[in-house]
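The next block holds one structure in the form of structure tokens; read it before the comments.
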Amino acid sequence: MNAWNTIYERFNPIAFSLGSIEVHWYGLAYACAIVIAFYMALRMIQKDPKRFPVARKDFESYFLWAELGIVLGARIGYILIYEPNSSYYLTHFWQIFNPFDSHGNFIGIRGMSYHGGLVGFLIASYLYNRKDLKKLLIYLDLIAISLPLGYVFGRIGNFLNQELVGRIVPKDSHLGQMIGIVVDHELRYPSQLIEAFLEGVIVFLMVMWAKKHTKTHGLLIVVYGLGYSLMRFIAEFYREPDSQLGVYFLNLSMGQILSLFMVIVSLGILLYATKNSKKIKEN
């Protein structure tokens, strides 16, 4: 065992406390993710106004819609897909966003689904642009290029919060023995960091490549969707399946199945973009 393997034994997921309210590193990481995504988008608007012909005040309004859609979709998606007591929440809807436990202690809102957040994001984006759908693909492209680096911090937050842990490392995996993290006396892959790299850094590079080589609105969000789906599908082989769900046909996890649906949605957006989007004008 090396020092990295046992890092959780020396790390507190709580960053600090404000009275009875405990502030977790995950919450701080999520806040960083939002800030990074926001300012990354503003930078893209400033640097490439032909691809992103959006006024800052309009983007600020849209960003609020998008973030609200993500949070609502992520939480509701978790309840519908992953929560074993979903029937309780469906009959006590106000409890879905209740940050306090039965004793009145602040515990925050726990349980978010990325794919649920994606659905909420798409719905919010459509509602915001419903009167001018020509701008929809521009906004989606803007989020596609600004989201991945923020996503890195989200997964780092999962790691710091000691959740969404990886699968048990095989004893004959030399690399796994080096990078694994001890969780409940088992050496597991740091799947959160693997996801941060694959679904964040690699997907960001994919979208940046597409930005350089494509001239049609809507293609960046397609590249993001396909790239994320592929990277998530791979990363799931290192992530422990949700205990309440397990695996399905062909030993696929729920994350992998939802990623396949994400491919279908991305191809649908591609079809829409090729039929309805205009070429980006050159200088």
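Glycine is no exception: its Cβ is also placed from the backbone N, Cα and C atoms.
As annotated by Swiss-Prot, transmembrane segment applies to 21-41 (among others).
The transmembrane segment feature in Swiss-Prot is assigned to 62-82 (among others).
Summarising the annotation, Swiss-Prot assigns transmembrane segment to 106-126 (among others). Outside the transmembrane segment (106-126) by six or more residues, the chain places 20-22, 24, 27, 62, 65-66, 68-83, 97-100, 136, 139-140, 143, 232, 255, 258-259, 261-262, 265 with a CB less than 8 A from a CB of the stretch.
The transmembrane segment annotation in Swiss-Prot covers 136-156 (among others). Residues 29-30, 32-38, 40-41, 44-45, 51-54, 59, 62, 66, 121, 125-126, 128-129, 192-193, 195-197, 199-201, 203-204, 207-208, 211, 217-221, 223-225, 269, 272-273, 276-277 of the same chain, all 6+ positions outside the transmembrane segment (136-156), place their C-beta atoms under 8 angstroms from a C-beta of that stretch.
Annotation comment: Swiss-Prot describes 190-210 (among others) as transmembrane segment. Counting same-chain residues at least six beyond the ends of the transmembrane segment (190-210), those with a Cβ under 8 angstroms from any Cβ of the stretch are 144-145, 148-149, 151-152, 155-156, 158-159, 163-167, 179-181, 219-220, 223-224, 227-228, 231-232, 234-235, 238-240.
Here Swiss-Prot flags 218-238 (among others) as transmembrane segment, drawing on sequence analysis.
Among the features that Swiss-Prot reports, transmembrane segment is placed at 252-272 (among others).
Within the same chain, residues 81-82, 115, 118, 122, 137, 140, 218-219, 221-222, 225-226, 228-230, 232-233, 236, 239, 241-242, 245 sit at least 6 positions outside the transmembrane segment (252-272) and bring their C-beta atoms closer than 8 Å to a C-beta of that stretch.
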